[in-house]
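Undergrad: My questions will all concern the structure given below.
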Amino acid sequence: MKLTVQDLNSHYGPAHILFDIGFEVGEGEVVALLGRNGAGKSTTFRSIVGLVAQRSGRIMFEGKDVSAKPTHEIVREGLGYVPEERRIFTDLTVEENLEVGRQPKRQNAPHWTREKLFALFPNLGEMKNRPGGRMSGGEQQMLTIARTLMGNPSLVLLDEPSEGLSPKIVEQMVDAILTMKKEGVSIVVSEQNLHFARLISDRAYIIERGRICFGGTMAELDARPDIRDAHLSL
Amino acid sequence: MAFYVVQFLTGLASAASLFLVASGLSIIFGVTRIVNFAHGAFYMIGAYIAFTLTERLSGAFGFWGSIVLAALAVAVIGVIVEMVLLRRIYHAPELFQLLATFGLTLMVEDLVVLIWGPDDLVGRRAPGFRGAIDFFGQNIPSYDLFLIVLGPVVLGILWLLFQRTRWGVLVRAATQDRDMVAALGVNQKWLFTSVFAVGVFLAALGGALQIPRDAVHHAMDLRIIVEVFVVVVIGGLGSIVGAFVAAVLVSELNAFGILIFPKISIILVFLVMAAVLIVRPWGLFGKPEAAARKTPGLTVNPWRPLTSNERLAALAAFVVAAMLPLFAGNYLLTVGSEIAIFVIFAVSLHFLMSVGGLASFGHAAYFGLGAYGVAFLAKMAGLPMIVCLLLGPLLGCMGAAVFGFFAVQLSGVYFAMLTLAFAQIVWSIAFQWVSVTGGDNGILGIWPEKWAASPSHFYWLALGVAALVTVALRAMVFAPFGYALRATRDSLLRSEAIGIDAKRIQWTAFVIAGTTAGIGGALFAYLKGSVFPDNLGISLSVDALVMVLLGGVETVSGAVIGAIVYKALNIWLVSQTDLSKLVLGGFIMLIVVVFPKGIVGMLEMLAQRRRKSSPPGSPLLAKPIESAE
């Protein structure tokens, strides 16, 4: 298994947010984490990369327990994270944003260079010196993914990549994610949009009120319209 | 004409060191969000170490090598400080960070005297820059010309460092979003440490470069830090270009201010700062900060009025205190009066800080103004004591009204720096305007009238006023005004959204706190029989902060206990050791790191823990609660 999450519990102050979350991601797999707004998708991701202080449980990445490590060490193991809010450095240019994400080459992961990323996201290549703050939402979404890929991750946590984007950009995003998969990057993608998830994912988990309530292939999910209707708004 | 040109060049030369120190402060703040109060101390150590090295190492290389070596040595000290002290308080509220670094400053002041002695040290001239250049009959030291060139050169080097290196890109990214930088695999710890080292290096270099111009002495830290605060407030915290422009501006204002108002040259700087704050509260080159929650404490428990039992206990404590003259001698009663006066001072700051969320670093200004108010009325107008006591605090009130108006335009660290700068300006006026204030000699012979002259009578007077003030301010906390003030503290935006005029409420609170401090100052003038510029000095302001912190920032009236314990300890300590600053500084750091909740806060926590068993540990050491998605 590429990534195994077991009994993950997280708190924000006195509030218990995640309850015994568990899921697995295989080598080269794309797994969707589906759920409504506030179900706990982003908190799950933030907990995995150590951005939530109060968390417990086991997170095995490539056979190593990373649950006690600080954020930057987890990321350096090759576990990339793309936040939902994009969090572009608005004062930095596109190239400088990519530079912040740059990490050395890794054995078991595809190696990304600026040129390769500009080929994947042609829009970015046309605005290398533009400050992040003066880019459209779609361009920022591409930049945040490209920035994480500069770290040469072998697995990427993608938090709601289609949120707030125009249909045309969403199509580009699907292509980009499929390219990443073809290159050999494992991906966990959190989504509210089942249609988008279906285009890219091998398997899916459904999260509701901080608990995993379904796990299976996309076909298995389609066979259970009751679950789909109960936990996902279409 | 030539004279003015030379004056202008002298201003430019002074700007170089000021820029170095201010840019260091700005860089550190940008990434770590800590306003490093100890920056002046690093500047001072830089000068002292450079002095020693230039005495030992000879030749041209010896001099310049010493300057650089001194700055490097201080940078190493800075790294140790960062790793040992600052790493523990990065997540603490800014008040704690300011206080901890101030505690460090106090310690350094005593250490420097221990190592280098109390006398001014005159350093060597720089080899190759010993002479002066004749400019139409006026002399310009050639070293000044060197400094004039150095300023822009350093600005250029810093620009390249931040724009052209990976380190610079990471620092700029971290200035904007530290967590995201970590989420991209960058080790924040070392980034912070390296940034701190660079900032401290710049401060120490600024200090080391001063030795051919100025004598090295153990008070140079406070003088520079106040100027640096003024510079970063004008230029914008976090902006290096802003630091450069503002350093030049402030230095020129100083250079020419002497010609216009020879006695109170600092007025000119103040006027410019006020003008900038009205137009751009975040400084000429700064960016507006998002309004954050400003509670100065860690977590404020819901406040409630005292129960009737607790009221009885407080009354009993007051009665016991009032019985002190029955068995105590004159010395103890004088100490008691002083403590009562400091209770007034501490609760006034506590009101502003804990209830209003506005941590003033210059609260002594209003205490001292009240004292000077009494002195003017009693000595010049010859008014009776009771009239002086009633009218004297009005000077504190007026000072608070003027400065408070500007100060509440800002919040957080800007507020703290601005209040400190204001207090220092008032101090400078009291110090420089000898014809009115007597300068360093103060105003003497302000003695109470017969009815209050005996130590026991004066003690009762001070105690009575202290009790009255404490009850009045406490009542205000639970009155509609107090609710509104606490609302502005907890969320400025939301309070404005429900129709509270936040700035006016805060301004009112500032004036109330200033006036109350003035009442304390008025009594203090009569207790001591004299008024000195020290009555408005920084160390008195910090005393007040420590009293509030010691009592508990998050409590309703912890400052009363804090003032009693602190003042009693302080009086005892000063009688026991010459190194009171060293002990006090260490004490401040200890409270900040180990007991951030203060005495009353700890007692409340223990009482709570007895009720329900939830051990919350030291919240300073844990990461803060992130906002939920």
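Glycine is no exception: its Cβ is also placed from the backbone N, Cα and C atoms.
Unlike curated records, TrEMBL annotations are generated automatically.
Residues or ranges marked as transmembrane segment by TrEMBL: B:34-51, B:63-86, B:145-162, B:190-212, B:224-249, B:256-279, B:312-333, B:340-361, B:413-434, B:458-485, B:547-569, B:581-603 (among others).
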Undergrad: Check the transmembrane segment (B:413-434) against the transmembrane segment (B:547-569) for contact, please; criterion is three or more CB pairs under 8 Å, pairs 6 or more apart in sequence.
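TA: No, the transmembrane segment (B:413-434) and the transmembrane segment (B:547-569) are not in contact.
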Undergrad: List, by number or range, the same-chain residues at least 6 past the transmembrane segment (B:547-569) whose CB is under 8 A from its CB atoms?
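TA: Long-range Cβ neighbours of the transmembrane segment (B:547-569): 95-96, 99, 296-301, 303, 335, 338-339, 342-343, 345-347, 349-350, 353-354, 470, 474, 477, 588, 591-592, 596-602, 604.
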Undergrad: Select the range from B:145-162, B:224-249, B:340-361 that forms the most Cβ-Cβ pairs under 8 Å with the transmembrane segment (B:34-51).
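TA: Most Cβ pairs under 8 Å with the transmembrane segment (B:34-51) come from B:224-249.
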Undergrad: Using a Cβ-Cβ cut-off of under 8 Å, list the residues of the same chain that are 6+ residues beyond the ends of the transmembrane segment (B:340-361) and lie near it.
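TA: Result: 94-95, 98, 294-297, 367, 407-408, 411, 415-417, 419-420, 423, 459, 462-463, 465-466, 469-470, 473, 476-477, 482, 485-486, 488-490, 506, 509-510, 512-514, 516-517, 519-521, 523-524, 527, 538, 541-545, 547-548, 551, 553-560, 562-564, 566-567.
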Undergrad: Under a Cβ pair cut-off of under 8 Å, which of the recorded stretches B:63-86, B:224-249, B:312-333 contacts the transmembrane segment (B:145-162) most often?
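TA: By Cβ pairs under 8 Å, B:224-249 leads among B:63-86, B:224-249, B:312-333.
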